[in-house]
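Report on the structure given below.
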Amino acid sequence: MSYSATGSEDFNIPNADYRELDHKKLTPMLQHYVQVKEQYPHALLLYRVGDFFECFFQDAVTLSVQLELALTSRDGGKEIGRVPMTGVPHHALERYCPQLVEKGYPVVVCDQTEDAAVAQAEKRMVTREITKILTPGTLTDESMLSARQNNFLAAVVLAKDYWGLAYADISTGEFFTTQARGLEHLHQELMRLQPSEILMPTDAPDLGKMLRPGEKSDRLPEGLPDCFCYSWRSQVVFSLQEATDRLLSKFKVRSLEGMGCDRIPLGVRAAGGLLEYVEETQKQNAVTLQLLRSYSTQDFLILDHQSRRNLEITETVRDRTFNGSLLCAIDRTLTAMGGRALRRWILQPLLKVKGIEARQDTIAELVQDTELRDSIRQNLRQIADLERLTGKAGSGSANAKDLISLAASLAQLPHLAQLASQGRSPFLRALQTVPPELEQLAHKIKAYLVENPPQQLKEGGLIQAGVNGDLDDMRSEAQEDQEWLASLETRERERTGISNLKVGYNKTFGYYISIARSKADRVPEDYTRKQTLVNEERYITQELKEREARILSAREDLNQLEYELFVQLRTEVGEQTELIRSVSRAVAAIDGLSGLAQVAVVQGYCRPTLTEGREIIIREGRHPVVEQTLGRPFFVPNSTSLAKNDKKESTDLVILTGPNASGKSCYLRQVGLIQLMAQIGSFVPATSATLGLCDRIFTRVGAVDDLATGQSTFMVEMNETANILNHGTSHSLVLLDEIGRGTATFDGLSIAWAVAEYLATEIKARTIFATHYHELNELASILDNVANYQVTVKEMPDKIIFLHQVQPGGADKSYGIEAGRLAGLPKVVIERAKQVMTQIEQHSKIAVGLRQGISKS
Ligand SMILES: Nc1ncnc2c1ncn2[C@@H]1O[C@H](COP(=O)(O)OP(=O)(O)OP(=O)(O)O)[C@@H](O)[C@H]1O
C-alpha cells in the first residue's frame with residue numbers, strides 16, 4: 001500500500017498512518033495538522049509547536065530516518081493513544097530544510113502567526129498558517145542556493161517524438177522555453193541545465209508526488225535521465241489554452257508572438273505549466289519572472305553530457321570536484337552574477353562568428369588596457385548579487401540589510417558606467433549609461449535606512465531620523481518616556497533612600513522596580529511585589545503600570561510605522577526589478593569578460609581567429625588546466641593542423657600513437673578545450689589559432705563500466721561510438737581516445753579501423769584518434785586526409801623519458817613490454833613476451849586496403 005511520497009513507510013509503528021484514524025478523535029491540534037497535511041499529502045509538513053517544528057505520523061518516521069533524529073511520540077487523543085512525533089528546534093529550521101530538500105523532499109512549513117501568549121490568554125489554539133513551501137526547484141533563500149550557480153526549475157511536455165521544455169530560475173527571474181524533436185536531444189538539454197526539479201504533466205491520481213533522484217518509476221518516459229527530481233502535475237494546467245491564457249495574463253501581453261513562442265505550442269504548454277507551479281508554491285512571495293524568451297537548441301554548439309564530462313568542463317571526472325575543471329581554471333569573475341553567466345556561456349558555446357567576436361573585442365580591449373581592466377575589476381568587487389537581491393525585494397522577502405547592500409551596489413554603477421565609457425567594444429558600450437532612476441533609488445535607500453540595520457523588521461531601529469514626521473514625533477515621545485523612567489529611578493532612590501534601586505524591564509512582567517532583598521524592609525507601602533529572585537525583589541507601582549501601558553503601545557505603534565515605511569521602500573525597489581536586472585545582465589557580462597581578459601593576460605592566451613571554414617590550426621597550444629597544475633614552464637606546448645584550407649595537404653583525421661602516459665589524452669583534450677573556449681569568445685592557451693566553427697564536439701574517452709544501467713565497458717564504448725558516427729558532420733570535432741580495447745584484440749582493431757575509415761571518408765569530421773593499435777598507421781598510406789602523429793619519448797637504458805612532444809609520424813613500436821619491465825615484471829616473463837610479440841608480428845601483417853562493395857545504408 002502506498003502511503004505517501006515522503007518515503008520509508010513503516011506501518012509497524014502504531015498510528016503512523018493518520019488516514020486509518022478517526023480524525024474526530026484526534027486532539028484539536030492534530031486535527032488541524034491533518035487538515036493541512038491533506039492539502040499537501042506528498043510533502044513533509046513541519047508544524048510549529050512551541051519552540052519546535054514537529055512532524056507527526058509517517059512524516060515523523062521519515063524525518064527521524066532522514067535527519068537521524070530520535071523518534072518520539074505524543075498523545076494523539078484519549079481514544080487514539082500515542083502517535084509518532086519528531087521535531088527540530090525552530091531556530092534550526094534553516095539548517096534542516098535544505099538537507100531535506102536536497103534529498104528530494106518537498107517541505108511545507110506551518111508556523112504560528114500570532115503570539116502564543118495571546119491565544120493562551122484567550123484559552124484557544126494558537127493560529128498557524130503555511131508560511132513556506134520549499135521544493136528543490138523553487139528555493140529563493142540565499143542560504144539554500146549556490147551563489148555562482150543557477151537553480152533551475154524545468155517543465156517538460158512530450159508529444160510523440162516532439163517535446164517542449166521550459167525552465168526558470170525564480171531567484172534571478174530567468175525564464176526560457178524551447179521546442180524540438182528527439183528525446184535524446186531533450187536528454188542532452190536537461191543534462192546541460194541540471195535542473196533541481198522537473199515538472200511532468202500526468203493523468204495519474206497521485207498528483208504532487210515527487211520522484212527523487214535515482215528513484216525508479218514506470219511513469220518516467222524512457223529516455224529521460226533519472227538523476228533528477230520529477231514532480232507530477234495535473235495535465236490540465238499544461239493544456240495549450242490554459243497555458244497560453246496564464247502566460248498572456250502574467251506578462252500582460254496580447255499575443256505570444258513577441259516572446260517568439262507563437263509557433264512552439266509544446267514550449268508554451270511547458271512554460272504555462274511551470275508558471276502555474278510557481279504561482280502555487282510561491283503564494284507568499286510575489287515572484288518576479290522576466291518576460292518569457294524562446295530559444296533554439298540549434299543556436300549553440302552541441303556538447304553532449306559524455307563530452308562535457310570527459311572534457312571536465314565544470315567538474316572533474318574522478319571526484320566530481322570543481323577544482324581541476326576548465327571552469328575553475330578560467331573563472332576569474334568577481335560577482336556571483338558574473339560567475340553564473342560564465343557557467344552558462346561555457347555550457348552553451350556559440351555558433352556565430354559575430355557573437356563570438358563581440359565578446360572577443362571586449363576581452364581584447366580589456367587585455368590591452370591594464371588600467372581600465374584593473375579599475376573595472378576593483379569596482380566589480382563591490383557589487384553584490386543584484387539579480388537575486390532585487391528578486392527578494394520584489395517578492396517581499398528582502399530585509400533591511402539586503403536593501404542596504406543593494407543600494408551600495410547600485411551606487412557603484414555610475415562609476416562603472418563612467419569607466420565603461422572609456423571603451424569602444426559592444427559590451428562596454430552596453431554599460432555606458434546607468435538609468436538615473438537606479439541612482440536615485442540608491443540615494444533614497446541610503447537616506448531612508450540606518451547604516452547598520454538589524455535583521456528583524458518588526459522591532460524598529462530601521463529608519464533614519466528626518467524621513468517621516470510622524471515617526472520623528474513618536475520617537476521624541478519615546479525619548480521622553482525613557483527620560484521619565486530615568487527620572488523615576490532617581491526619584492524613587494531619593495524617596496526610599498535605597499541607593500541601588502533600579503528600574504528594569506522584561507518581556508513577561510513588563511517594567512518593574514528592583515530592590516536588593518536585604519533592603520526589602522525599606523520598601524514603601526505603595527509598592528506591590530511581583531516577583532522574588534535569589535537576591536532581589538521586583539515591585540510595580542500604579543504610576544509605573546499606567547505609564548508602561550502607554551510606553552508599550554507607543555513602542556508598538558512606532559515599530560509598526562517603521563515596518564510600514566520599510567515595506568513601502570521595499571515595494572518601490574521591487575518595482576524596479578526589471579530595470580535592475582537588465583543592468584545586472586550587462587554587469588554580469590562585463591564581469592565574465594574582464595575575468596577572461598584577466599586569465600588571458602596572466603596565462604598568456606592569444607585571440608583566436610574564428611572562421612566559417614573547417615580548419616583547426618593551433619600553434620603551440622596548451623591544456624588550460626594541466627598547464628596551471630604543472631606550472632607554465634613545465635608544460636610542453638604542441639601544435640595542431642587539421643583540415644587546412646589548402647586542399648592538397650588537408651588532414652581530417654590524425655592517428656595519434658605513443659606509449660602510455662606520454663600525453664595522448666592530454667593533447668586530445670587540449671584541442672577540444674581550445675575549440676570550446678574559442679566558441680565562448682575566450683582567448684585560448686596558444687601562440688596563435690585559426691579555428692573553423694564546430695557544430696559539435698564529440699569525445700570518446702576510456703569508458704568505465706556503467707553499473708547503474710548494467711552496461712559493460714565495451715557496450716558503453718560502442719554506444720558512444722555509434723552516437724558519434726550517427727550524428728557527426730564535417731563541421732564536428734571528434735576526439736577519440738582508444739576504441740575497441742574492451743574486446744579481443746582483433747575485434748577491437750577491426751572496429752577501430754572501420755570507425756576511423758568511416759570518419760575520414762564518409763563524415764570527414766575533424767578527428768584525432770589516439771590509439772595503441774599502431775596498425776592503424778597504415779590508413780595514412782591509403783587515405784590522403786589521414787596523417788600519423790606520435791607523442792615522442794626518449795629511450796634510455798633503464799628508463800623512458802617522456803618528452804610530451806607531438807610530432808609527425810607513427811610510433812614504430814609500442815612500449816608496453818618496456819613499461820612492464822620498468823614496473824618489475826619477472827625477467828623471464830618479459831623475455832617471453834618479446835618472443836610472443838615477434839611471432840604475432842610475423843603472422844599478422846595487415847593489408848586491409850580500402851572499403852569496397854559496402855554501401856553506406
Ligand atoms: N604537453 C605536456 N607537457 C607536460 N606534461 C604533460 C603533457 N602532456 C601530458 N603531460 C603529463 O603526462 C601525464 C600523462 O598524460 P596522458 O594521460 O595524456 O597520457 P596518455 O598518453 O594518454 O596515457 P595512456 O595511454 O596511458 O592513457 C599527464 O598527467 C600530464 O601530467
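Every residue gets a Cβ built from N, Cα and C, even glycine.
Take the CB of GLY663 (ATP binding site) and look out to 10 A: across all protein chains shown you find 25 other CB atoms. When secondary structure is read from DSSP and collapsed to three states, GLY663 (ATP binding site) falls in the coil class. Sequence annotations record features per position, and here TrEMBL assigns ATP binding site to GLY658, PRO659, ASN660, ALA661, SER662, GLY663, LYS664, SER665.
Within its own chain, the domain 'DNA mismatch repair proteins mutS family' (732-748) has Cβ neighbours under 8 Å at 616, 664-665, 668-669, 671-672, 675, 694-703, 712-714, 717, 721, 724, 755, 759, 763, 765-773, counting only residues six or more beyond its boundaries. The domain 'DNA mismatch repair proteins mutS family' annotation in TrEMBL covers 732-748.
Closeness to ligand 1 is met by ASN660, GLY663, SER665, these being the binding-site residues among PRO659, ASN660, GLY663, SER665 whose Cβ falls under 6 Å from the molecule. GLY658 (ATP binding site) has a Cβ environment of 28 other Cβ atoms inside 10 Å.
The DSSP secondary structure for GLY658 (ATP binding site) is coil. Within the same chain, residues at least six positions away from LYS664 (ATP binding site) with a Cβ under 8 Å of its Cβ are LEU656, THR657, GLY658, ASP737, ALA770, VAL791.
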